[in-house]
Amino acid sequence: MDIAALQTFTSPVVLFFLLGLLAAVVRSDLAIPEAIAKGMSLYLMAAIGLKGGVAVSKSGLDATIITALAAGIAASFLLPFIAYAVLKTFGKLDRLNAGAVAAHYGSVSVVTYVTAVEIFELSAVPAAGFMVAVLAAMETPAILSGLLLAKGGSKNGDPEERGEMLREVFLNASVVLLLGSFAIGMVAGPSGFAEVSPFFEAGFKGVLCLFLLDMGLIAARRMMDSRAITWRLVVIAIALPLFNGALGVLAGTAIGLDVGSAAAFGVLCASASYIAVPAAMRLALPQADPGIYLTMSLSITFPFNILVNIGLLTALAKALGGMPL
Amino acid sequence: MIETVVRKRIEILADTPLAKRVTRAIDKVEISGWTILPVQSGSGRDGPWRDERVTGSDKSLILTIASEEKASLLSEELVPILSSHGLLLTMWDVEVVRGERF
């Protein structure tokens, strides 16, 4: 196995996630107050948005960035169609639930991406800063695909409700904060960022450790409480990130991304949203079962990506880039 | 002796992303106010749940007080979506002062 896959297990970030999983499994009363967890997620999104914006202000906008953005939007829009087909046939889900789950698998997980970036740095293959913009661009198209698949283009509900749903889709907190802080980073540049970097850089890894501890607790507790998950859905929740991730690394390499960025693109395609999409689905498809889509994305795919898939995708990107493993 | 009148106190438990759907219904039947309270955890027909603000799967309790007539209109508004949206609606009589406000 690639050394990157092993380095995963020595990273404090990943070890804190394992601690969270373990604490939940042994039914410890360890808990992070929800308001603090929410605050940490906002901090992490603002920090990676800023850092990405600053990186692009140094390198400038070029054809590679535009191509990566276009590839990200296309992937986010198309991946739910693959997921939907598998969920309907092998997973035996109805149209509504298959559409809702499919939206999660086209969209992205910010925390999976941030953890992957930490592991890429350990493996000496850092991802380009502009991949944060690709991450933000991939949040939304999948939601539209999922709704299209679940509703088949039918328009129901009153206009006010549709307006609320569209606001949630295009202006949800993750998209606004990621794109907003990315723009602030681009405008401020390295000198402007230097003023706020003590807050956004010094505490970043520590906050990420605590946040992953909380995600480990939530993921394991949700899995233990789950009643709607079948063995077929477990298989899909592991197979989809493997397939989508490999597809992403291949596409990233094909469009000329460097090894770290191609691996990051693979991680984005492999990850499943559990922050932005669940809230949008609860509004737009209230009949869909959160016990299915949240358990699959958060309790199965997320831990699988953190513990196994990031290492595998790094190895694949290195192999395709002709680097030693 | 303070004079009180009887009104309906209505509580609706809903997933937080759906709270606006409920408050819109309250506004639609012209009930003059509502309050949203956070809740921590519980268990129901679909199993246990707990406050998870990060994933947006936290729940809220929407509280309002209204005349019997408006309470009935609100029930009619919400009953069709109680099952599909996973809402829990309860109401009971309470005594309030300044009854003209409700």
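From the backbone N, Cα and C atoms, a Cβ is placed for every residue, glycine too.
Taken from TrEMBL, the feature transmembrane segment applies to A:6-28, A:40-57, A:63-86, A:98-116, A:128-149, A:169-190, A:202-221, A:233-257, A:263-285, A:292-317.
Through the fold, the transmembrane segment (A:169-190) approaches residues 42, 45-58, 110, 132-133, 135-136, 139-140, 143-144, 275-276, 279-280, 284 of its own chain, all at least 6 residues removed from its boundaries and within a Cβ separation under 8 Å. Sequence-distant contacts of the transmembrane segment (A:263-285) (same chain, six or more residues past either end, CB-CB distance under 8 Å): 41, 68, 71-72, 75, 79, 96, 99-100, 103-105, 107-110, 112-113, 116-117, 120, 125, 127-128, 131, 134-135, 138-140, 142-143, 146-147, 150-151, 164-165, 168-169, 172-175, 237, 240-242, 244-249, 251-252, 257, 293-294, 296-298, 301-302, 305, 309-310, 313-314, 316-318. The transmembrane segment (A:233-257) shares the most Cβ pairs under 8 Å with A:63-86, out of the stretches A:6-28, A:63-86, A:98-116, A:202-221. For the transmembrane segment (A:6-28), the partner stretch with the most Cβ pairs below 8 Å, chosen from A:40-57, A:63-86, A:202-221, is A:202-221. Listed as Cβ neighbours of the transmembrane segment (A:63-86) (distance under 8 Å, sequence separation of 6 or more from its ends, same chain) are residues 56, 98-99, 101-103, 105-108, 130-131, 133-135, 137-142, 144-146, 149, 236, 239-240, 243-244, 247-248, 251-252, 255-257, 261, 265, 268-269.
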